[in-house]
Amino acid sequence: MIDLREDTWTLQLYAQRYKGLSPKNSRELQLRMEYDPLKPNLPTSGEEQNSKPEWLNTPPCLIPESESLDKAKGALVGLAIGDAIGTTLEFLPRDKLHVNDMVGGGPFRLQPGEWTDDTSMALCLAESYISAGRLDITLFREKLVRWYRHGENSSNGRCFDIGNTTRNALEQYLKHGASWFGNTEPETAGNAAIIRQAPTSIFRRKSLQRTFADSDSQSMATHCAPESMASCQFLGFILNYLINGSSREKAFSPHVMPLPVRVLLINAGEYKEKKRDEIRSSGYVIDTLEAAMWAVWNTDNFHDAILLAANLGDDADSVAATTGQIAGALYGYSNIPKPWLDKLVQQERISNLAEQLFYMAPEEDF
């Protein structure tokens, strides 16, 4: 095992043992990875279609549609549940306080069941898919702006929590227009894009490559740092497998895909051997992704996964929201504790949005 905060050169040397997880580079692969988020242009037929690498083949749905729907609803509602539980400990040092229920409070003095920016951004993303029938980044950004300025899609009518990188992205979008794509520097690799990932994975459940492309693009709406985009793509893969009925062991097994070194090491599964004091829960996207995978791997039900994640403290709401997406897709909406569902603000609306995304999912088209 290695600490993912080691310098990149050291990590790259260490990661040579996992070189089999990186796909062989080719012109066809480069063409597939080069797309404009404002004008998606993936291959749809002919020779380009036949060149799709095996690792991008969509896994078959192994379960009845009703069970897959339950998992899709679990992913989005689970996100909001984790957010609402984790906010109590947001910004607190680890083990200063603990939670064992949805109690509200925290730095924003929320009521039990109210949630933060994690869920607000996910709802903006879900609504943009439903309105456009695809990922329209400009529409998504406009919905984010309305949340930021007017409190739309918030739990209490106010935008009371927004990350610095997200705020900067929206201000730059308002200043420069739809062609602006920034926040590319490594230090901007926060977790705001992975915490809203679930709608993309639900809508694109029938196409792994569309999941891969849309995950990248939805991140670019605010976060263009490579680790942010790759973390969304990796989480998109995990959710795709789980919504389609794969076991935890299958979904969490190493996948072949092009990833920067820190995400590659998470993909390799080194977190499975780490102890709690080796897991960080900061707002850095790598810390959040690793902590969420670790929490789901080390529990066997939704309830325990969320509490294990939230009680890591620090960026507790985002770690628990990311955990909630994974655990919700694994165990399903029907296995989320009913008392938590009853407390969750706008629970029925969130569940209905997930169902709309599920039934709108386009067929594989290339």
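Even glycines carry a Cβ here, placed using N, Cα and C.
The record from Swiss-Prot ties THR116, ASP117, ASP118, ASP317 to Mg(2+), and of the options ASP161, ASP277, ASP287, ASP342 it ties ASP161 to that site too. Annotated Mg(2+) site THR116, ASP117, ASP118, ASP161, ASP317; additional same-chain residues within 8 Å of its Cβ mean position, judged by their own Cβ, are ASP83, THR87, GLU90, TRP115, THR119, SER120, ILE195, SER318, ALA321. Annotation note: THR116 (Mg(2+) binding site) sits in a coil segment as assigned by DSSP. Ranked by how many other Cβ atoms sit within 10 Å of their Cβ, the binding-site residues ASP117, ASP118 place ASP117 at the bottom.
Around the Cβ of THR116 (Mg(2+) binding site), the number of neighbouring Cβ atoms within 10 Å comes to 27.
A count of other CB atoms within 10 A of each Cβ picks out ASP317 as the most crowded of the binding-site residues ASP161, ASP317.
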